Amino acid sequence: MGNYFNTLNLRQQLDQLGRCRFMDREEFADEVNFLKGKKIVIIGCGAQGLNQGLNMRDSGLDIAYALRPEAIEEKRASFQRASENGFVVGTYQQLIPTADLVINLTPDKQHSKVVADVMPLIKQGAALGYSHGLNIVELGEKIRQDITVVMVAPKCPGTEVREEFKRGFGVPTLIAVHPENDPKGEGLAIAKAWAAATGGHRAGVLESSFVAEVKSDLMGEQTILCGMLQAGSLVCYDKLIADGKDPAYAGKLIQYGWETITEALKQGGITLMMDRLSNSAKLRAFSLSEQIKEKLDFLFKKHMDDIISGEFSRVMMEDWANGDANLLEWREQTGKTAFENAPKGENIKISEQEYFDHGVLMVAMVKAGVELAFDTMVETGIYEESAYYESLHELPLIANTIARKRLYEMNVVISDTAEYGNYLFANVAAPILAKEIIPTLKRGDLGESTPATEIDNILLRDVNDAIRQHPIELIGQELRGYMTDMKRISSQE
């Protein structure tokens, strides 16, 4: 196997990167009918596996779970989750030969082994589904020619996929058909029915490609979604302690600050997030964000370049082969940081507005990271819609995991692939922020309110225009229109 993307010529690469079409709701008029009466077997019962399966069953589809014999015999967590929810559970040999659609929802690093084990068992003309295309794009997995290969990728953690479905809604979803494996021309119909069964069609579906999904997903999770939050958490906490702030207060401000700040981002984009600040603080946050963008622009571009070339996947897979030595070392180092071990601050009260007023630097980091990730993806040929979902849209969901159990929880919830990329970014970004940005801070940038200053009306007007006219704000306003029923995401409700 080799990197599939690197086997394509330049025209094909650009075509695949640029695949992005927002689908009309009318295209889902048949909803799940194409898969009604067909046998669907899900491999793996983690967060995505279980919650997608629950939604699909509630949508009237026939769902069963195929697990490894040892998982069944030892009654591991995956077996317990599936059986306790009333699903048929069996081995690969028992369930896959009769399946019309086999959905591989195991972790990325298990995909090659899983596909090798199940492909001989998949019946002629059946379909194989993924929710992330790393195995196809980066590892170059070749699937038997009679098998249709599709992807349905909800742009949320599995728990949110279920919660939104229970509310009668759904989460934005990306679908794709592998161009090398659509022998009967049924791939799009399968993907549409699967997306509808999870509820995704109610929140907006992008028809994309395996390539565009993988390259944009890796970029988002490595930079703004995880890497920037990790680097920002560590640097901001250390600065607060250096300034003599109470460790419990500092820990709480950072732990819950990202969630509170990005809730505004979720509802009204960068514009609303910045509008939560006083005029003096907004001008300062804008200035800081421009400084951060200048210092980190090269790093965002390096990550994008390494993702496009396949260098990131090559290095990560070397670590897989080495027993995850780097991943485990970085995970251990994160667990020993001052922020992770700060007091919980359970008796400290911080109002919603105080998170903004005392977190101007954090707001600036969010703005800079979102815009850099979006701009870098678009410059690379990824469409604005995909870039939006892989940067701004998912950020509140990741921030919510930090609010639950700090960086530990974030790194548990995200995939090992995302966690590895997060460390690669944060390990470089944090020292840069500490050296280049922290020494330039002024009173009111972090840990206390920005002092009121005389406001230059023309400057404020120009800053407001710059915020509102950024391309991510324009596409974001359009896409959020499809998500009018979005609920608040908060660990503190």
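These residue numbers are counts, starting from 1, taken along the chain as shown.
Note: Cβ is positioned from N, Cα and C throughout, glycine not excepted.
Since the structure is predicted, the reported quantities are computational estimates derived from the model, not experimental observations.
Taken from Swiss-Prot as is:
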DOMAIN    14-208  domain 'KARI N-terminal Rossmann'
BINDING   C45, G46, A47, Q48, R68, R76, S78, D108, K109, Q110, G158  NADP(+) binding site
ACT_SITE  H132  active site
DOMAIN    209-345  domain 'KARI C-terminal knotted 1'
BINDING   D217, E221  Mg(2+) 1 binding site
BINDING   D217, E390, E394  Mg(2+) 2 binding site
DOMAIN    346-486  domain 'KARI C-terminal knotted 2'
BINDING   S415  substrate binding site
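Positions of Swiss-Prot features highlighted on the structure.
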residue: C45; record: NADP(+) binding site; Cβ contacts under 8 Å, 6 or more apart: G53, Y65, L67, A77, S78, F79, R81, A82, L105
residue: A47; record: NADP(+) binding site; Cβ contacts under 8 Å, 6 or more apart: P157, G158, T159, V413
residue: R68; record: NADP(+) binding site; Cβ contacts under 8 Å, 6 or more apart: T91, Y92
residue: K109; record: NADP(+) binding site; Cβ contacts under 8 Å, 6 or more apart: W320, D416, T417
residue: H132; record: active site; Cβ contacts under 8 Å, 6 or more apart: D108, M151, A153, E213, V214, D217, S415
residue: E221; record: Mg(2+) 1 binding site; Cβ contacts under 8 Å, 6 or more apart: G227, E390, I414, S415, T417, A418, G421, N422
residue: E394; record: Mg(2+) 2 binding site; Cβ contacts under 8 Å, 6 or more apart: K155, C156, G220, L225
In this predicted model, the domain 'KARI C-terminal knotted 2' (346-486) has a mean pLDDT of 94
Looking at the binding-site residues D217, E390, the one with the fewest other Cβ atoms inside 10 Å is D217
Where does R68 (NADP(+) binding site) sit in DSSP terms: helix, strand, or coil? coil
Candidates S78, S415: member of the binding-site residues with the richest Cβ shell (10 Å): S78
Secondary structure tally of the domain 'KARI C-terminal knotted 1' (209-345) (DSSP, helix then strand then coil): 115 helix, 0 strand, 22 coil
Within 10 Å of the Cβ of G158 (NADP(+) binding site), how many other Cβ atoms are there? 22
Specify all same-chain residues, apart from the site residues D217, E390, E394, whose Cβ lies within 8 angstroms of the center of the Cβ atoms of the Mg(2+) 2 site, ordered by sequence. K155, S216, M219, G220, E221, L225, Y389, S391, H393
